Amino acid sequence: MKTCWKIPVFFFVCSFLEPWASAAVKRRPRFPVNSNSNGGNELCPKIRIGQDDLPGFDLISQFQVDKAASRRAIQRVVGSATLQVAYKLGNNVDFRIPTRNLYPSGLPEEYSFLTTFRMTGSTLKKNWNIWQIQDSSGKEQVGIKINGQTQSVVFSYKGLDGSLQTAAFSNLSSLFDSQWHKIMIGVERSSATLFVDCNRIESLPIKPRGPIDIDGFAVLGKLADNPQVSVPFELQWMLIHCDPLRPRRETCHELPARITPSQTTDERGPPGEQGPPGPPGPPGVPGIDGIDGDRGPKGPPGPPGPAGEPGKPGAPGKPGTPGADGLTGPDGSPGSIGSKGQKGEPGVPGSRGFPGRGIPGPPGPPGTAGLPGELGRVGPVGDPGRRGPPGPPGPPGPRGTIGFHDGDPLCPNACPPGRSGYPGLPGMRGHKGAKGEIGEPGRQGHKGEEGDQGELGEVGAQGPPGAQGLRGITGIVGDKGEKGARGLDGEPGPQGLPGAPGDQGQRGPPGEAGPKGDRGAEGARGIPGLPGPKGDTGLPGVDGRDGIPGMPGTKGEPGKPGPPGDAGLQGLPGVPGIPGAKGVAGEKGSTGAPGKPGQMGNSGKPGQQGPPGEVGPRGPQGLPGSRGELGPVGSPGLPGKLGSLGSPGLPGLPGPPGLPGMKGDRGVVGEPGPKGEQGASGEEGEAGERGELGDIGLPGPKGSAGNPGEPGLRGPEGSRGLPGVEGPRGPPGPRGVQGEQGATGLPGVQGPPGRAPTDQHIKQVCMRVIQEHFAEMAASLKRPDSGATGLPGRPGPPGPPGPPGENGFPGQMGIRGLPGIKGPPGALGLRGPKGDLGEKGERGPPGRGPNGLPGAIGLPGDPGPASYGRNGRDGERGPPGVAGIPGVPGPPGPPGLPGFCEPASCTMQAGQRAFNKGPDP
């Protein structure tokens, strides 16, 4: 009992030390494959300043075991401690790396091999290599062999004569017990020393070693008799260190403590009384990783990953489609006419050669449309083209409205031209004109830069975007992955230099029509073609997009306030529009009431296209005017005086994009305008862009309880739990009724001799006997009076029972008695501690029964990192949308600049589409 207090203290201290010791061991060193400490390309440096400065090489990283675990090729398990990570290598994986990638200059003369691993199942009885280096023909050169048949560890190496030498360490039964073990072998110049669990086992002499063949492979976990077969085991740590004495300084804190059994075993005592509650225990160590959860929903597309390393040259691709015409090369010298040869087999269509100086041939049949080329760089501004001939007379325009002149009614003959009006609103998009004739060839653009030569290969599987790391070693050959998603379009490469003129190839057969290509980039604006013939009146087009804002107009005179209209219904709040261009600085307004400081709002989304405006009244039909001939352009006249505000002019053509004006001062809030009439239903607008991810919504109300599901199948039987903690001692039970006297038991078998009493014990017993019977002994020593010898008396009655004597010497142990009757079950013990998480079981059989109801929709994930992707291709036009609710009429816009009118369009009906961008009603 004196040592019982040491046990909880021992575990209390260990619970604090274990995380620190485990954490120190868990961080495996990751060193480069080659050390360049001495300027050479050797594995270990020749100059050894200090043993602790020598490098080590983590074989788990070199064999990419951890990466294979992330790809689920192998299983990641708990190691020798709760904080350790290990890898369960099965017999279906092959860890094999070219030796040249790991040890380009071979192994050093002195080094040490260290590993922490565990064998389970049938591996305990197998003869296998935990690490081995093979030559180019597959023969062993260096290796560490674990032989479960002879319970030994064998270090094999290649001698100077090329023969395989071995150093066998035997009698290692403690290594084959399904527990975690740590073996280390220090290879010195003339000896090899084995350490098992940081205990030195033996040092064996070894012969000088020859160089290894680096054209072979380094492997992990292979059978000794068949190196192609893998052996299942669990690997936590494997290291090659340049210090051969490293095993002497290594510790084994990561290994679990092994409790040795006691020499004697007593019978189990009765349960003790319940003690007082103990002090609160220390914080528990972090738990191990939980089991993998269900597959989550597909996340949003991630940002484009960094450019991967160039792949290996792919297999030759299929013949590509004919490329675009190349640049015109210099004229070659005419060759001599050769003799006519025999007709050969049709050859493979050659690449398009440069035009020669042959006689023009007859026009060929129209060819198939080529693939659209990549958008070239914008060339320099060309010289102005020559003035084109006047176009044919246009069709008669619609009848104009009755004009006014200085307030007079209709002019008797013809009204003089009025002042130039303000530019009208942009007109609706016109119908597509007929294809114009080919214009004059433009000037040759500048020579483009040379493009990179692309490699033709099959489409490879797109890997997950990883961090840009150092170039790793060649990994194991994996299975061919699924076809990845289409990558982003690359930047167009620069124009390549013209190649040498090719030989004139034979005319190949016309090729089959290729598939429809993707929509090409918008080309440069061509030279305007000649006016085409008048086309039939087309259907009304869809609403055109808003035009580019015009130049800021001059400040107009304030209009007269209109009569107040009836109070309209409260309109729906409009979508925040796109910020307008910067206006010109307005006049300083009156100081308004100071508003409350508002918070900075988020950027608004692009507004949707509003409904068309109200249809204005149709004017009276005017008389058709006679069309005059187009006169020459007159010289610009002198600037006239500023006239009075004229009547609105004819709709002007869209002006060039204006420069953004200065930001104007905050204007005074105007009075609400009169209620407008109900506008016509507009056509459905184009689908807007996808909005940003909204904030997480509030949790919804609790749903009603679902129907109880069908009972599931009975699960597999769980593993037996750990024995519970010994329960408290129960209260003494009532005294039982005296039982009947049992039958005399059989004599026991002669037991083993008891323990011999010590000399000290004998002295104590003798002293106690002498003290108790000293008076009787002294009386017996007196000389008695001499007398006649009397007759022996009758035996007296039995005296009273004497006092209980002292404990005698321990007797010899008797034979073991017959087993007693099974006693009643004991009291229920306290709940035992939670056991360690067991290994992940095999996948069970598929369940039966109908599928369950789908789970609740999870909350949206956190927004991904901000990135700026490239603009995607224009999408197809969507179906017409539902007409939106008419918006609140906006405030009147500022007056525009004075408009202008081309003579060819002066006869258009004034105001026909001045304020209506939609079709006629």
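Every residue, even glycine, has its Cβ placed from backbone N, Cα and C.
For reference, Swiss-Prot has these:
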REGION    24-268  region 'Nonhelical region (NC4)'
DISULFID  CYS44-CYS242  disulfide bond
DOMAIN    50-244  domain 'Laminin G-like'
DISULFID  CYS198-CYS252  disulfide bond
REGION    254-759  region 'Disordered'
DOMAIN    269-324  domain 'Collagen-like 1'
DOMAIN    473-516  domain 'Collagen-like 5'
REGION    783-905  region 'Disordered'
DOMAIN    848-899  domain 'Collagen-like 10'
REGION    902-921  region 'Nonhelical region (NC1)'
Exercise. Round to the nearest Å and give the CA-to-CA distance linking CYS252 (disulfide bond) with CYS44 (disulfide bond).
Key: 25
Practice problem: Between the Cα atoms of CYS198 (disulfide bond) and CYS44 (disulfide bond), find the distance and write it as a whole number of Å. | Solution: 24
Exercise. Would you count the other C-beta atoms found within 10 angstroms of the C-beta of CYS44 (disulfide bond) for me?
Key: 23
Quiz item: Out of CYS198, CYS242, CYS252, which has the highest number of nearby Cβ atoms, where nearby means within 10 Å of its Cβ, if these are the disulfide-bonded residues?
Solution: CYS242
Practice problem: Mind looking up the mean pLDDT for the domain 'Laminin G-like' (50-244) in the predicted model? | Solution: 92
Quiz item: Where does CYS242 (disulfide bond) sit in DSSP terms: helix, strand, or coil?
Solution: coil
